[in-house]
Amino acid sequence: MARTQAEPPASQPDARAAWLRDQLERANYAYYVLDQPDLPDAEYDRLFGELQQLETDHPDLVTPDSPTQRVGGEVAGGFTPVVHDAPMLSLNNGFADEDIAAFDKRVADALGKTTDLAGSVTDPVEYACELKFDGLAISLRYEHGVFVQASTRGDGTTGEDVTENVRTIRSIPLKLKGAHVPALLDVRGEVLMFKRDFARLNERQRAAEQREFANPRNAAAGSLRQLDPKITAQRPLSFFAYGIGVLDGMPMPDTHSALLDWYESFGLPVNRERAVVYGADGLLGFFRKVGEKRESLPYDIDGVVYKVNRRDEQDRLGFVSRAPRFALAHKFPAQEALTRLVAIDVQVGRTGAITPVARLEPVFVGGATVTNATLHNEDEVRRKDIRIGDTVIVRRAGDVIPEVVGALLDRRPDDAAEFVMPTECPVCGSKIERLPDEAIARCTGGLFCPAQRKQALWHFAQRRALDIDGLGEKIIDQLVELNLVRTPADLFNLGFATLAELDRFAEKSAQNLLDSLEKAKHTTLARFIYGLGIRHVGESTAKDLAKHFGSLTPIMDASIEELLEVNDVGPIVAESIHQFFAEEHNRTVIEQLRAPGKVTWAEGPPAPRAPQGVLAGKTVVLTGTLPNLTRDAAKEMLEAAGAKVAGSVSKKTDYVVAGADAGSKLAKAEELGIPVLDEDGLHQLLEGNTP
């Protein structure tokens, strides 16, 4: 949404008010009609508050179409307009503790509450406290207990008829429970989407290669306002009732809390996170309690709502033009804010992932000052069209890493610069590469890069790699932080005195680790390849590489075409292997590991062409305990005969070899009609005889 009008200074109140009205109306249209909000809530509130203050200071600036004189947005095309029997008003906002104290004082004074000599209220106001949901407000109309119509808030006076869409929301009863129901009931509440449902919806959107929703609020609004109710029916929407418009045929409950209990008796969904409290202290206590559990709630909220509980006191307090005097929304610190992006750097993760990071002018958001925010990856920067120098929307929720949501294109300076992914790692100078079909670019210096050092050492020491017993994460942390080990090759230079000085590392532990390192010097080529931590190269692929090439040097020098000849190595894996060995830093570390007195293994000639016997190319599954063969021995014999040993039974399985205590794999094989062999049958196959 373009905002091209120049921003006038505060010294020109007429022009400033006109500019503020324009900004707010454009934001309202994007939010309520397009369902594509482009202005953070905090920025909207700031502009709205400034306009309110201007109009208070200069009453002649108030216009009938000012956003301060209305509630919501225009009615969009495509839906039938609905005039509300009672206006759907919004709420005034409070942010600081002082705002809440001032609200309580205004209410207490208006109700004539008694005070002591110190000015403290001796008869505090009773309030009902609820959550402020981040969804879409709607009105539900029931006639004689039967649901007949649903409408959106719209501009507060006229909304949109979304009856057929709301019928698809399963938590909304189409008929109220109980024998005694009002002749007419206008229920006010919020349509929202739970966090888990939002995550599942976006998973489906990704699978269908459709646009993902930015947040649960956008998803709920977009789903409710679909022209096709069948689409709405596929969206996991929920509803909570929290207010009332009109009531006919039954007396109104005496308190707001009683109204919500009454709703529950009718089968309407009402949120249980609510309380009745007294005075400003009670309000602030509820706010803090909710704030502590906010992130663990299954839905998004952006604050809490306070309402004078007694209905007769609500009536005495009445309304102002756009909001009730008896209620206030106490909003949490903004989770989104505007600031300027001054630079884009890249960070290197422990697995080599290169992440663009926005360097920001400091901004207070989500309860903390933020100067850095993630941009996720190069594609995200391009998709969001974020450039250096832009005014950007920054989001921070709870403990989540701050992120840049988008840029305000109308505020883009002429010299805004596009982000260019560097070609070399900023930490170690190795090449940065990006595999086909992957969103993440990576540093290829896995064995050398300091940013990947701990991960490389941990992987190298794994049981299925060099099997260095006693080299756990805490020991690795100390070795790296004390600069005693930079690459896996340095492990074999460690001495007893150095290890014995490590924190909480006794002499016996030091000797055990040295013994384990000595043992690790004698390994296999497959274990060594796996221990290098090449992306996409697991234990099975490492074995295939070792078997195919016979020695390490041919693997290091192999072309992508030669790598593709290896069993189960596809284009992505071949590219990853080739990139790893093409990086000179990695080759240097490997040569250090192969130096005299370091790591050795038995090498042999390249594997002959694949066997042509009855097992060549067959898939075999082992299950249970064989009388004379261990599972590893059986696996080696099968692989030597050209078979592939799989871990699970499927329609592609050719044989299942079952021993004692065979379980679900045997049952699955029998169900699929796959031949089942015992140990004798296995030997017959290995000898070339079909069973």
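Positions of Cβ are set from backbone N, Cα and C atoms, glycine also.
Listed features, source Swiss-Prot:
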- Lys132: active site, N6-AMP-lysine intermediate (ACT_SITE)
- Asp41, Ala42, Glu43, Tyr44, Asp45, Ser90, Leu91, Glu130, Arg153, Glu190, Lys307, Lys331: NAD(+) binding site (BINDING)
- Cys425, Cys428, Cys443, Cys449: Zn(2+) binding site (BINDING)
- 610-691: domain 'BRCT' (DOMAIN)
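Locations of recorded Swiss-Prot features on the structure.
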residue : record                                  : DSSP (3 states)
Asp41   : NAD(+) binding site                     : helix
Leu91   : NAD(+) binding site                     : coil
Lys132  : active site, N6-AMP-lysine intermediate : strand
Arg153  : NAD(+) binding site                     : coil
Lys307  : NAD(+) binding site                     : strand
Cys425  : Zn(2+) binding site                     : coil
Cys449  : Zn(2+) binding site                     : coil
Exercise. Can you list, in sequence order, the residues of the same chain other than Cys425, Cys428, Cys443, Cys449 whose CB lies within 8 Å of the CB centroid of the Zn(2+) site?
Worked result: Val348, Gly352, Pro426, Val427, Gly429, Ser430, Ile432, Thr444, Gly445, Phe448, Pro450, Ala451, Gln452, His585
Exercise. What three-state class does DSSP give Cys443 (Zn(2+) binding site)?
Worked result: strand
Exercise. What's the CA to CA span in angstrom from Glu43 (NAD(+) binding site) over to Cys425 (Zn(2+) binding site)?
Worked result: 37
Seminar exercise, completed: Lys307 (NAD(+) binding site) to the residue listed as 'active site, N6-AMP-lysine intermediate', Cα to Cα, whole Å, comes out at 12
Exercise. What is the interatomic distance between the Cα atoms of Cys449 (Zn(2+) binding site) and Leu91 (NAD(+) binding site), given in whole Å?
Worked result: 55
Exercise. Any idea what the model's mean pLDDT is for the domain 'BRCT' (610-691)?
Worked result: 85
Exercise. Rounded to the nearest angstrom, how far is the Cα of Asp41 (NAD(+) binding site) from the Cα of Cys428 (Zn(2+) binding site)?
Worked result: 42
For this session: Write down the Cα-Cα distance for Cys425 (Zn(2+) binding site) and Leu91 (NAD(+) binding site), rounded and given in Å.
Result: 51
For this session: For Cys443 (Zn(2+) binding site), identify the closest of the recorded positions Asp41, Asp45, Lys132, Arg153, judging by Cα separation.
Result: Asp41
Exercise. Does Asp45 (NAD(+) binding site) have same-chain partners at least 6 apart in sequence with Cβ under 8 Å from its own Cβ, and which are they?
Worked result: Asn93, Lys331, Ala334
Problem set entry | Span of the NAD(+) site, taken as the largest CA to CA distance across Asp41, Ala42, Glu43, Tyr44, Asp45, Ser90, Leu91, Glu130, Arg153, Glu190, Lys307, Lys331 (Å, rounded to a whole number) | 26
Exercise. Within 10 Å of the Cβ of Cys425 (Zn(2+) binding site), how many other Cβ atoms can be counted across all chains shown?
Worked result: 26
For this session: Using a 10 Å cut-off, grab the number of neighbouring Cβ atoms around the Cβ of Asp41 (NAD(+) binding site), all chains included.
Result: 18
Problem set entry | Number of other Cβ atoms within 10 Å of the Cβ of Lys132 (active site, N6-AMP-lysine intermediate) across all protein chains | 20
